[in-house]
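See structure below.
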């Protein structure tokens, strides 16, 4: 452990914690020390043991061995309720609120303030909720129904819940994944004010720039074990990655130069009221067009509209020279368009189904012989793609939900690539994937472009966009604000276009 | 991005008015009540006997009160995102039980019979609730099974027997006709139960948990709410209130056969849905279910008066149910769109 | 290829199945139901007097035929996580249609076709409300159950039509020559093969399972969810209409109250047959066994002198026990699978 000895106990401490499921070791050596008044980052690849660690802290799992200390006292939680009572709150990536109930009720459910008779005191509840929001510096109406609130607002309600319970330890699990730039800034200032109140905050994220911006301490894990803890200002991204992966990663984004051919996808004047305006661009064979911008700029919406899952009000989409009718995903697939969606688990895969069934879902009609489909053919196709993409699963009918994030993404890719598309739209290709598989995916995209595939890649990770794209389109608040060639693209001008209107705007 | 052209003040006003939970509640119940009043007024204009005759008045207030109890119980269950198809069978069992108790135990106090009905109904509901909560089986399936089981047991018990008015003590039968301040006694009892139920669901911590569980069962679990306990309670309430309704059934009609209560589950669900209790749970009030029960039965009675044969009653009920859920859907879509637009303008 | 390490070791070829054949065939809900059916048949043959007469099969299959027929589209609907509670009311509506047209002098062939068409129209209404308007099928079909039943009762009132052409009623009651198997089973077998092939061996069938397990992912994969469900509801209505025509001929009457409660029997049988109420799981052979199981239990008990109400109690108990045990098994499997998977994923 590299943290100095303290004269008072840490707020939360884990020492040599291990957890095994059957014969498999999920966590072999978990170590962590959260101090009050600090924001502590936990980084590691998928499979490093982070989520097991968090679940032990939250009381979802019980540790097999090791010590778990809260303010120096040993604890052993058998339920999440116990952990909550002890002052531990976890803010998950997807807030779990009650959509039909008001914000205030969501915060105080089960603990509403009551008068002597036991009747709920709604006025006090409202006032208390308002006070909490004031402390956080946000404006949310406590009486409004939570349905329809943005994810960012919902997260803040979860934080308000934690504060109302006077949580001394707050764990935030990938909180910024679905937030726009403004919302991230707001979340960070909330986190800082919570830290200044003396709480201990743990921040789990794959986004290194955010880690360095917000956190004062970083703990790295790898393969179920603790690796190191350093103060943030004493380390760099490269060193962190090295500790996470175990060796130097030379190139993460090996984009090969490819011959750029004709226009295969042409979007003209696409409009959807309140979502995107006057979107026009083209993608050529062999080209990777990066679609950059802040979350909430409307990029996924544009992609979904092009593919047909969502509708649009006006404009046109031309695929391989022919007009593509709106709102017909099946037709789009038939004509050579493929779409790897943003949310792998909810939109990309049928988690309870097997690998082969998932992989052949989009091409099922082409596998037909005399109208029938045979499992043998499904398996053959699956094996071919699984080999190509190096999908690691035991059997054809292994339930996809049990695979790792990286393997799941490969199944989704296999599903779409098996349709032999001419255009691939891929939304956040490497979100939630470990560094190793990330590079595989990038190499794959580069190869495919080299073979003539036209790729539209939506990504919120600047390094990925800058590394992979031949051309970068930047969207801001529903419009394309810039189009930048690879040679001219820098983090600065892309970021600028994503946040401000520039002269280069279309 | 569209920029609203109205002044900031009116946006805020629209936002609070639109998004307030209370506003949404109020509109549905008021709407159903208004419809009820319209139907009554319209039909009475056609034929004053609809309301202004002893039979008419009794049927206006008394008969629906019995269904109302079942509908209120059903509302408890539907709010938690479940359904109880066995209530009709429970009504049948307790109605016959009432008669049997009076016959087999002469001199039994009326209050004891009411209690017995509620307790037996509650016990039958407990079975439902335990199976749904503990075995994690969907309520649709469980109560489908218990509908069969309870009705079968009921028919086996009753056989070809039948309770007649003469079997029941006069003081009990008179409950079916007595009035206090010209409101039927049984209606008063039912309304008191309704008020207690409504107060519980609106103003106690336990009551609010029903809504939470129906709104998002997984979130409720994660939150640490005692989901199983509440679900069991909901089914016990549904059973107990149906049991109470069974006793009232005997008091009101005097005759009980093995077919008593048949089809009541559909009417109770229909009443709740019409009254604004969404099948998906988390929304609606027992007030709505109660008014829905009144509306349903009053419309049924009104049909012959306005010239439609009463054979068409069930068709009207079905059309009302479908109309209610279509309305719910249209309103929900519109509301969601408005809330999203407000959120988007908020973020600018 | 760049030296990139991934989480697990070198890749092995995938085997076709994660579990051996015998486990897949026998240790399933379908296997359990078929097993139970076999047991019940054996028990009934040995203990119930007169059960082994050929008439038993005839009466059983004749009575259970409408349920067998309707269970076919119902299986597909429940697999897509929807439900159709209105089937019995559609049977009645079809029956009443046939009755009224016959009574008013129409040629009987026309009346029969009209009965089936009325079912198709009813299914279209259901399908429209569910897929176009976007309403939950539970609520919609509770409403249409009442509405269609109400229309049936409204059209005929308390009357019944009982005068039907002799050649058709005797055909409905006839057997396949030389066997105790009712002729209607020919129609059932044809339909069962069609539905079975569609469900288990066509892209359409694959899409049904996908829809039931993850509607959104199916949509994103190019499956036309709305159109698929619409087709299923129309199929359900049409088959119910056909069952209604058969029902009318079998019992020789058309009444508004015909087939009351049949929807419960159908759903109970389908669930008993291993179809999950949550969608995404189920197979036709299990469902057929489920219908036959309930029918056999009822038939055997009836022959043994047990009254209808007790038979209903037993049907209810069997249904409840089957889903409770299925739920328990599923919980057990899930707990094991996630524990195993957690090992592979390493937290």
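Yeah, the Cβs are placed from backbone N, Cα and C, and that goes for glycine too.
Feature annotations, courtesy of TrEMBL:
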TRANSMEM  B:30-48  transmembrane segment
TRANSMEM  B:60-79  transmembrane segment
TRANSMEM  B:85-103  transmembrane segment
TRANSMEM  B:110-133  transmembrane segment
TRANSMEM  B:139-159  transmembrane segment
TRANSMEM  B:180-201  transmembrane segment
TRANSMEM  B:231-251  transmembrane segment
TRANSMEM  B:272-299  transmembrane segment
TRANSMEM  B:311-331  transmembrane segment
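Fewer than three CB pairs closer than 8 A are found between the transmembrane segment (B:85-103) and the transmembrane segment (B:180-201), and contact between the two stretches is not assigned (pairs 6 or more residues apart).
Recorded stretches compared: B:180-201, B:231-251, B:311-331; the one with the most Cβ pairs under 8 Å to the transmembrane segment (B:110-133) is B:231-251.
For the transmembrane segment (B:180-201), the list of distant contacts is 58, 61-62, 65-66, 68-69, 72, 76, 79, 207-208, 210-211, 237, 241, 244, 248, 251-252, 285-287, 290: same-chain residues at least six beyond its ends, Cβ to Cβ under 8 Å. Most Cβ pairs under 8 Å with the transmembrane segment (B:30-48) belong to B:272-299, among the candidate stretches B:60-79, B:139-159, B:231-251, B:272-299, B:311-331. No contact links the transmembrane segment (B:60-79) to the transmembrane segment (B:311-331), because fewer than 3 Cβ pairs that are 6 or more residues apart lie under 8 A.
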